[in-house]
Structures are given as C-alpha cells and as structure tokens.
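S.K.: According to Swiss-Prot:
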DISULFID  Cys46-Cys74  disulfide bond
DISULFID  Cys77-Cys152  disulfide bond
DISULFID  Cys82-Cys90  disulfide bond
DOMAIN    43-157  domain 'Expansin-like EG45'
DOMAIN    167-246  domain 'Expansin-like CBD'
SIGNAL    1-22  signal peptide
Amino acid sequence: MAAARMLVLLASLCALLLTASAAKWTPAFATFYGGSDASGTMGGACGYGDLYGAGYGTRTAALSTALFNGGASCGACFTIACDTRKTQWCKPGTSITVTATNFCPPNYALSGDAGGWCNPPRRHFDMSQPAWETIAVYRAGIVPVNYRRVPCQRSGGIRFAVNGHSYFELVLVTNVGGSGAVAQMWIKGSGTGWMAMSRNWGANWQSNARLDGQALSFRVQADDGRVVTAADVAPAGWSFGATYTSSAQFY
C-alpha cells in the first residue's frame, strides 16, 4: 500500500513538473514586417509559399538564428506576449499564437541592440504586422516580449505537397499539429519498404527513391518524439506539383 501511495505521489510530482515546464515564459524581442496585409510574409525560408493556402494565415513569424535551428523549427507554434514591465508600447492583456514560417537573418553590420535584431545569440521574432499589432502599438517598432512554445492547433490532416523530378521526390509537409515541427520523415512506395528522407530546406524533405507509379505513404516524427503514419496518401497515379491531404494528425 505504501509503495502504491509513493507511485501516485511520484506521478503527481511529475505532472506538476511538466505543467510548470510547459508554462515557462522566456524573454525575447519582437519586430514586424510584411505590410498591413502581411503580403510580404508569403514564401519564406520554410518553403510554405502561400501562407493562406497552407493554413497559417497572418499569425506567423520569422525566427532569429537562435530559434530557427536551421529550419528544424519550421511549423512550431509560439505564444507571444508584450512585456508591459519593460515598455509602454504594449497592448495590455493581449497575447497571440504564431507559427514559425520564415527565417530572420542576422545583420552583422549592425549591433544587436541597434538594428541587428536577429543577430546570434538574440532570441527574436520578426512577426507579421497584423500579428504584431495584436500585442503592441505600431509606432514602437520593436518591443520586449515573453514567449513559450505551445501545441499547434490544426484543422484536418497533415498535407504533403510532392514536388521534384522523376529521379527524386521533394515533399513539403504542412498543417502539422501538436509539436508542429518535423524532426524526421520516411517515405514508402507500394512496392518498397520504409526509407528515411533528409531535410532539403525548411519544411521540404527529399528522397532519391524514384517512386513514380507507386502509391506513397509517409511517416512523420515530430520533434517531441511522437510519430504518425499516413498510409497510401498519394495514389499510384500521383503527379508532381500536387498536394495530398492525409487523415493522420498529431492530436
């Protein structure tokens, strides 16, 4: 009985520690770009292209080197709040959750506190203007913020846009829920076993398997370690340039 109580106590303690970790806020800074309609945020270093079509809309941000992680953070979600203790330009009581869709490159010609906002090791979010104006006043230009990584809430299944050529497949993965960021991918043709893919750039994953004419399945591992499988999501007659929506998702 004592052992059982001890196990319950340990489980409760672990749950409290996990909750505390999930609630941790980290200081950073934020600016904005892309115009009032966010048209200048389309495309970007994650490869999502039309952010409306990809399902991300205007709630997006470009991440500094310290956060972008060479593209491994593409698709991750962050809740950002302006730090009212450090600036008068916040909109008090507000926060917004954004998706990482782009890279904010360093500018080594300027110091980190005078224009080189995204220089390492600074944690910085260059937000879309509509997202920024949810939490801060336009004229401020830059504000101190606090952020935390949060689960991504997505509608529908993970989507796979198959590009490339007959000798390789370049697959753009979008609409990933849960962690949001893809750490590893595998591809399988209807006549093959599972084969590991490699990150080409951003959210684009490459295979040199020559799978023309075979139905395609994908296995996705998020950066929290969870794995889902999208079986036969692209039929045997799939074509380059098409996007295929699966029923698989990190719920």
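Using N, Cα and C of the backbone, Cβ positions are placed for all residues, glycine too.
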S.K.: Looking only at Cys82, Cys90, which of these disulfide-bonded residues has the biggest number of Cβ atoms within 10 Å around its Cβ?
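M.R.: The largest 10 Å Cβ neighbour count belongs to Cys82.
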S.K.: By a 10 A CB contact count over all chains shown, which of the disulfide-bonded residues listed here is most packed: Cys74, Cys152?
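M.R.: Answer returned by the neighbour count: Cys74.
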S.K.: Considering Cα atoms only, can you say which of Cys74, Cys82, Cys90 is the nearest neighbour of Cys152 (disulfide bond) among these disulfide-bonded residues?
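M.R.: Comparing Cα positions, the closest of these disulfide-bonded residues turns out to be Cys74.
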S.K.: Within its own chain, what residues at least 6 apart in sequence put their Cβ under 8 Å from the Cβ of Cys46 (disulfide bond), listed in sequence order?
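M.R.: Residues satisfying the criterion: Gly71, Cys74, Gly75, Ala100, Thr101, Asn102, Phe103, Gly202, Ala203.
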S.K.: Give me the non-local Cβ neighbours of Cys77 (disulfide bond): same chain, 6+ apart in sequence, Cβ-Cβ under 8 Å, ordered along the sequence.
M.R.: Thr97, Val98, Thr99, Ala100, Arg149, Val150, Pro151, Cys152, Gln153, Gly180
S.K.: If I take every residue in the domain 'Expansin-like EG45' (43-157) and average their pLDDT values, what number comes out?
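M.R.: For the domain 'Expansin-like EG45' (43-157), the model's average pLDDT rounds to 97.
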